[in-house]
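A.B. asks: Structure provided below as structure tokens; questions to follow.
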Amino acid sequence: MTLNIYVNGEARSFDGVSSVHDLLVALGLTGQRIAVECNGEIVPRSRHAEQTLAEGDRLEVVVAVGGG
Amino acid sequence: MDDKLVIAGREYGSRLLVGTGKYKDFDETARALDASGCEIVTVAIRRVNLGQDPNTPNLLSALPKGRYTLLPNSAGCYSADDAIRTLRLARELLDDHRLVKLEVLGDPGNLYPNVRETLKAAEVLVGEGFDVMVYTSDDPIIARELEDIGCCAIMPLASLIGSGMGILNPWNLQLIIEQSRVPVLVDAGVGTASDAAIAMELGCDGVLMNTAIAAARDPVRMARAMKMGVEAGREAYLAGRMPKRFYSATPSSPSEGVIASHKS
């Protein structure tokens, strides 16, 4: 089943993705120092596996970069 | 000598805080931070570049583990909501890290802070248990309101972000320093070591800078200069400068006993 969601503002389609954890695997981001927000709410790392995704969800996946 | 900077209950030996943006590469970043002697470094929070090679070097792994206290910022945010979301993400990213630099901008051209949104965001973040170091204008009334909200450090600009124009209004900074019970750090505008020294001589508790180091021809050397500038300014402040004597010179050498060829 295809899931259509927005990741970092981009419309993306995924097959076989049902949780935040699945999404991070699909994006090749497992094990990276990142943080995830779904529809404006933080998804704590401990809940990546259980947080299910729904059609149209808006996700932000962020990282620390150089800045002042 | 025991002269520590205390922010949110934690002691720091260095009064220079350094940003990690705009360096040539992570190696230069690490060498400049090392030369500056800083203990607190700012980082920004940005969207992951989707589709990038997972082995692309990452800022956090380029910094020596555990050496620096990270200060994630909300740079680039133009509303209280965006700043709050960004700093919540930072807290999650850094494992329930609470010390943050709140910055809400009002204009993309001059990067002047939007104090109305800054006040709103500060209230929410302090309520959620964040230790908020807040970037703001040099308005003493706003500074007092931010302190009353519970911010743990007030960080007025010396001049516009990245401008290197130095301390444009020492009088306002002094008003803020005199009234504040939390640390006051100059954030933004420092261009060279003498600017950092002047900020510290005014009685600032610290200085935060990024571009002044990163955009120098030799960033590592400038980082060292800034370390010395901050230390010199702090020492001069603690030593207590001599009073200025306008239009009234006093000799440093004895007036008596000067040889004279034509004494009567």
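Every residue, even glycine, has its Cβ placed from backbone N, Cα and C.
According to TrEMBL, the record shows the following:
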| type | residues | note |
| --- | --- | --- |
| ACT_SITE | B:LYS101 | active site, schiff-base intermediate with DXP |
| BINDING | B:GLY162, B:ALA188, B:GLY189, B:ASN210, B:THR211 | 1-deoxy-D-xylulose 5-phosphate binding site |
| DOMAIN | B:7-254 | domain 'Thiazole synthase ThiG' |
A.B. asks: Mind telling me which of the binding-site residues B:ASN210, B:THR211 has the densest Cβ neighbourhood, counting other Cβ atoms within 10 Å?
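C.D. replies: Selected residue: B:ASN210.
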A.B. asks: Round to the nearest Å and give the CA-to-CA distance linking B:ASN210 (1-deoxy-D-xylulose 5-phosphate binding site) with the residue listed as 'active site, schiff-base intermediate with DXP'.
C.D. replies: 14
A.B. asks: Cβ under 8 Å from chain A: which of the recorded positions B:LYS101, B:ASN210, B:THR211 qualify?
C.D. replies: B:ASN210, B:THR211
A.B. asks: Can you grab the distance from B:LYS101 (active site, schiff-base intermediate with DXP) over to B:THR211 (1-deoxy-D-xylulose 5-phosphate binding site)? Cα atoms, rounded to a whole Å.
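C.D. replies: That comes out at 17 Å between the alpha carbons.
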A.B. asks: If you count other Cβ atoms within 10 Å of each one's Cβ, which of the binding-site residues B:GLY162, B:GLY189 has the most?
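C.D. replies: The residue with the densest Cβ neighbourhood is B:GLY189.
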A.B. asks: With DSSP assignments reduced to helix, strand and coil, which class does B:GLY162 (1-deoxy-D-xylulose 5-phosphate binding site) get?
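C.D. replies: Reduced to three states, the DSSP call for B:GLY162 (1-deoxy-D-xylulose 5-phosphate binding site) is coil.
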A.B. asks: What three-state class does DSSP give B:LYS101 (active site, schiff-base intermediate with DXP)?
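C.D. replies: DSSP call for B:LYS101 (active site, schiff-base intermediate with DXP): strand.
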A.B. asks: Would you report the average pLDDT that the model assigns to the domain 'Thiazole synthase ThiG' (B:7-254)?
C.D. replies: 96
A.B. asks: Compare all C-alpha positions of B:GLY162, B:ALA188, B:GLY189, B:ASN210, B:THR211, the record's 1-deoxy-D-xylulose 5-phosphate binders, and send over the largest distance in angstrom.
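C.D. replies: This binding site's residues have a maximal Cα-Cα distance of 9 Å.
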